[in-house]
Amino acid sequence: MEGENTTDPPYTTAASSGQSIFVRPPPIAPVLATTSNFSQSELKELHSMSIASTGFVSQSVPYSVTAQWGTNAAASSNVNPIPQASPMLANAPFGRPGTLAPPGLMTSPPAFPGSNPFSTTPRPGMSAGPAQMNPGIHPHMYPPYHSLPGTPQGMWLQPPSMGGIPRAPFLSHPTTFPGSYPFPVRGISPNLPYSGSHPLGASPMGSVGNVHALPGRQPDISPGRKTEELSGIDDRAGSQLVGNRLDAWTAHKSEAGVLYYYNSVTGQSTYEKPPGFGGEPDKVPVQPIPVSMESLPGTDWALVSTNDGKKYYYNNKTKVSSWQIPAEVKDFGKKLEERAMESVASVPSADLTEKGSDLTSLSAPAISNGGRDAASLKTTNFGSSALDLVKKKLHDSGMPVSSTITSEANSGKTTEVTPSGESGNSTGKVKDAPGAGALSDSSSDSEDEDSGPSKEECSKQFKEMLKERGIAPFSKWEKELPKIIFDPRFKAIPSHSVRRSLFEQYVKTRAEEERREKRAAHKAAIEGFRQLLDDASTDIDQHTDYRAFKKKWGNDLRFEAIERKEREGLLNERVLSLKRSAEQKAQEIRAAAASDFKTMLREREISINSHWSKVKDSLRNEPRYRSVAHEDREVFYYEYIAELKAAQRGDDHEMKARDEEDKLRERERELRKRKEREVQEVERVRQKIRRKEASSSYQALLVEKIRDPEASWTESKPILERDPQKRASNPDLEPADKEKLFRDHVKSLYERCVHDFKALLAEALSSEAATLQTEDGKTALNSWSTAKQVLKPDIRYSKMPRQDREVVWRRYVEDISRKQRHENYQEEKQRDYKT
């Protein structure tokens with residue numbers, strides 16, 4: 001990426017260790033204010049000192065990228081606070097410093113084999129003897145740092161020597177060591193701590209004694225140990241074959257999101273996908289990025305937060321990072337807690353109200369939870385590292401703080417690194433993670449230190465710079481980068497991704513902004529020209545033309561601000577309005593004169609039969625006659641005569657119109673009556689249909705509910721009104737109609753029962769049954785009790801009302817007797833006729 005620090009190393013996980021932890025905490029280093037006045041050699045020296053001072057292991061990316069650092073550093077305006085990879089040899093042999101490794105993993109130490117084929121390689125934790133160096137290859141030298149005292153380090157990380165003799169760094173994890181016969185690290189003394197006990201890339205809190213690796217000396221190895229160590233020796237070709245195994249390759253992403261691959265056996269890194277790589281590069285997450293650093297008052301430690309919510313501790317003096325809680329921080333937290341317990345009932349010190357600032361207090365629960373679970377910190381702009389805001393806050397429990405603690409709390413500083421792709425409003429907000437305890441932010445004392453530009457101000461200044469540089473809409477980053485890279489406002493944004501996102505946002509919205517600015521400028525120019533017309537109103541009348549106006553006002557800036565076509569249009573609009581005003585005024589004067597002239601004629605009783613030649617002689621002395629122009633007098637006269645004729649015609653027309661209106665009103669009245677009759681007829685038909693439908697539904701209800709021919713209306717009415725369909729309460733059916741329908745239904749039921757009973761009598765009382773007599777000599781035709789015994793088993797007998805059964809039986813018997821007598825009479829008559 002042009003003009004950017006392309007060697008920002010990504011953060012990766014320890015692929016070779018089999019654990020899903022960070023190889024090292026994300027490094028945090030002080031930000032250099034500016035490098036615009038540094039030479040290329042000074043930039044390289046500062047870069048080397050940054051690597052030596054951080055205490056982290058070297059990090060490597062493909063050489064094609066890292067080799068350009070020296071060239072791009074001079075053009076870059078923002079020195080990356082993360083330690084960079086040192087320039088390496090392009091084609092170094094296996095195990096040499098030129099071998100590439102992923103971030104957080106140390107390349108093989110710069111030890112070169114001697115003439116003895118069985119020479120050994122220094123191991124972690126062993127004393128090294130003098131070793132012959134290859135004079136043709138210059139290994140990477142770590143510059144001495146005389147300003148800091150030597151700190152004993154663990155066997156898994158050796159910082160640069162504090163003396164004048166350079167010392168090679170140690171490996172951060174077990175791997176193959178260079179030499180005549182590469183072999184894995186084994187046989188480490190048990191009194192040394194295991195490298196996994198501390199996070200890779202960070203030095204342990206305590207010192208590990210008797211662990212030194214002096215370059216130039218071979219380790220003192222006994223024959224027994226050498227035999228054990230040489231048991232797994234293989235030649236270099238075999239090691240290279242192992243390094244080519246596909247399972248040794250892992251995928252990682254840099255801070256900028258660039259995907260690269262690393263071989264854990266050979267220590268090589270490449271941007272090209274290895275042949276046969278079976279992983280899923282698309283699922284590789286972007287490594288965490290440090291976003292803020294909160295100094296812990298009373299200590300040299302700071303709590304660093306990453307963009308994924310994890311936190312670790314960083315020492316500002318020794319440049320050491322650790323996931324674990326440093327002992328110094330624990331002790332300081334315990335002291336604060338003890339002081340709080342001792343003075344719970346005391347009143348807070350008056351020192352707290354001198355400047356209205358609070359103090360930061362660390363509670364034991366917040367410290368004991370460790371860096372990952374500590375409270376989220378308030379972040380400020382990274383570009384304001386010169387500001388180093390100091391904030392203070394009291395503990396919620398009202399813990400009093402002495403002046404000593406106040407001075408320690410004032411030393412805490414908060415810085416922020418804006419991660420790529422992030423745009424937050426975290427400034428000014430406090431976020432507490434669960435279980436974070438009382439670890440809180442501190443407020444700044446603005447009287448002691450100057451306030452630098454905030455993140456929003458830097459972004460605003462960056463966009464103003466783009467506007468001043470004339471960045472065109474929809475332009476490309478690569479094309480416009482040379483125009484803006486050396487501007488101080490470009491350097492105020494520390495992150496490349498934030499710069500580019502601001503650039504992309506600007507070029508996308510710039511077109512619309514230019515259109516708005518152009519419209520606003522054009523509108524302002526038009527308003528200025530109108531103001532010019534107002535100022536020149538005394539020189540403009542209904543006869544003014546463009547040439548005359550330009551001759552007098554053409555040198556005015558407001559005149560030249562718009563085009564000629566618009567100038568002419570606005571001037572003609574103003575002149576046209578003046579013309580219309582003059583014409584309207586003249587018309588009003590002429591109308592008033594005409595009204596006075598016609599009033600004069602009306603007073604003289606001029607009729608439609610008068611002649612103008614005679615009338616004008618009689619009006620010569622009238623002032624109203626003389627006030628009218630000569631050519632308008634006769635015109636007004638004939639207008640008045642036309643009005644008289646129109647009035648006369650109007651009277652006749654009005655009379656005719658009145659007659660027509662009377663006739664029209666009569667026709668409308670008749671039409672309205674006819675429509676009313678039609679509407680009434682339609683409504684009557686609709687009412688009849690609704691009543692018929694209501695009667696049908698009510699009859700259906702009677703069929704469903706009333707089945708007894710002896711049912712009464714008073715008893716059946718409540719039953720019918722409980723119908724869910726409300727058929728008994730239809731408004732289209734009157735109560736009298738309901739009762740009539742009920743009685744008709746009951747009557748039909750009774751008639752049906754009588755008909756069925758008569759049919760039963762006809763079936764049961766046949767001639768054979770009539771001849772059957774009981775012991776008393778009774779038959780079904782002459783005895784109701786006998787007939788009842790015959791009819792009772794049939795259901796039609798039970799349906800017939802009790803009081804009407806015998807009556808119907810007697811009528812039926814009488815009919816049968818009458819028919820029988822008639823038949824007998826006919827037979828006798830027939831017989832007599834024959835005889």
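Glycine too: its Cβ is placed from the backbone N, Cα and C atoms.
Keep in mind that this is a model prediction, so the values were computed, not measured.
Annotated features, as they stand in Swiss-Prot:
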COMPBIAS  1-20  compositional bias 'Polar residues'
COMPBIAS  400-428  compositional bias 'Polar residues'
DOMAIN    243-276  domain 'WW 1'
DOMAIN    295-328  domain 'WW 2'
DOMAIN    455-509  domain 'FF 1'
DOMAIN    590-643  domain 'FF 3'
DOMAIN    691-748  domain 'FF 4'
REGION    1-22  region 'Disordered'
REGION    397-459  region 'Disordered'
REGION    649-677  region 'Disordered'
REGION    714-738  region 'Disordered'
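Note on the region 'Disordered' (649-677): none of the residues of its chain located 6 or more positions outside it place their CB under 8 angstroms from a CB of the stretch. Taken as a whole, the domain 'WW 2' (295-328) shows an average pLDDT of 83 in this prediction. Secondary structure of the domain 'WW 2' (295-328) per DSSP, as helix, strand and coil residue counts: 2 helix, 14 strand, 18 coil. When DSSP labels each residue, the domain 'FF 3' (590-643) comes out as 39 helix, 0 strand, 15 coil, counted as helix, strand and coil in that order. Using DSSP to sort the residues of the domain 'WW 1' (243-276) gives these counts of helix, strand and coil: 4 helix, 12 strand, 18 coil.
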